Amino acid sequence: MGSLFSCCVATVEEELDYANDRVREIEKDVVDKVRNAEEEAVERVRDAEEDVTERVRDLEDDASSTRGRTDDDDDEFVLSTPQNLRPEMSALLSRLHVLVIGPGLGREPYMQAFARMALNVAKEQGMFLVIDADGLYLVGQELDLVKGYRRAVLTPNVVEFKRLSEQAGIDPKIEAHKRASAVSQVLGGVTILQKGANDIICANTQGTSKEAHEQSKVSPSEGEQNETIEVDTPGGLKRCGGQGDILSGAVGAFLAWGKCYEMGAFGDKTIPVSRMPILAAVGASMMTRATSRIAFEREGRGVVTQDMLQDIGRGFVHIFGKDQQGGKL
């Protein structure tokens, strides 16, 4: 009788464990769907706001274009074009290791024009690039801006990745891992960091041209690669608006260390330059997700992106340990 009872208890416990596992799976699925729906809704509202803002600005420009201007005003306006400020931008970027384009940029034509100029100058100088938010909007209109530049990391969310896939001629219904690889290949081997429930990071350099190697200042001897990494480091149960800015900044920080490594400031140069973007993307993804989890555990559902800032250091230590805080490879 006792053994029968024990058997029944064991069976019930197994059923409970199975039920709990199913509940957790369902909860995760619901959280993922809600997160994606939130991102899509925010993106639609943002697009609508941008459209209204541009329409209002066009009307204001039309109304003011014929009054209040002098010849001196016209001269000042000409001096403020991207082309005229290019030498200053070149001098500024020569002192930096990496350029992050997108967060807070906006879609106004003049802002996009200056961002385009800065991006081209950065490429000429062989800088690492991180492109996010409205920087992705710019690149989506002109894929050649980054095509073949293997020092670039693009960080789209679910909605931005769908749009980028369509702009690259890739079916957005294709499974995310395969789609990231396809988009990376179409763009000549740039690294894609697709943010989501799990972050998908891919660099596909198959078929990359000789010109792309030269443009990226990457040795052809490093060969082709098709690498996809899925980062499932637990993150917070709420994705905050602006969290992507922390991620893109983190990718930039890791790439800056990578640039120092390339220049010989530390390390033995055994890691190829072509590996820096995907390594930086993975490291930043893991750290940002850990930071999000730490902030959520403290603040709960009320957490906002600003709450994460104080936990970036703890997120880094959680992933890499205290000994690696110097940032050296």
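Each residue, glycine too, has its Cβ placed from N, Cα and C.
Quick look at what TrEMBL lists:
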BINDING   Gly104, Asn157, Val158, Val159, Glu160, Phe161, Lys162, Arg163, Asp245  (6S)-NADPHX binding site
COMPBIAS  39-58  compositional bias 'Basic and acidic residues'
DOMAIN    1-319  domain 'YjeF C-terminal'
REGION    39-77  region 'Disordered'
REGION    208-235  region 'Disordered'
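Recorded features from TrEMBL, shown on the structure.
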residue: Gly104; record: (6S)-NADPHX binding site; Cβ neighbours (10 Å): 9
residue: Val158; record: (6S)-NADPHX binding site; Cβ neighbours (10 Å): 18
residue: Glu160; record: (6S)-NADPHX binding site; Cβ neighbours (10 Å): 23
residue: Lys162; record: (6S)-NADPHX binding site; Cβ neighbours (10 Å): 19
residue: Asp245; record: (6S)-NADPHX binding site; Cβ neighbours (10 Å): 17
Non-local residues, at least 6 beyond the ends, that sit with Cβ under 8 Å of the region 'Disordered' (208-235)
123, 126, 147-151, 177, 180-181, 185, 188-189, 198-202, 272-274, 278, 282, 285-286, 288-290, 292-293, 296, 319
Over all pairs within Gly104, Asn157, Val158, Val159, Glu160, Phe161, Lys162, Arg163, Asp245, the annotated (6S)-NADPHX binders, what is the largest Cα to Cα distance, rounded to whole Å?
21
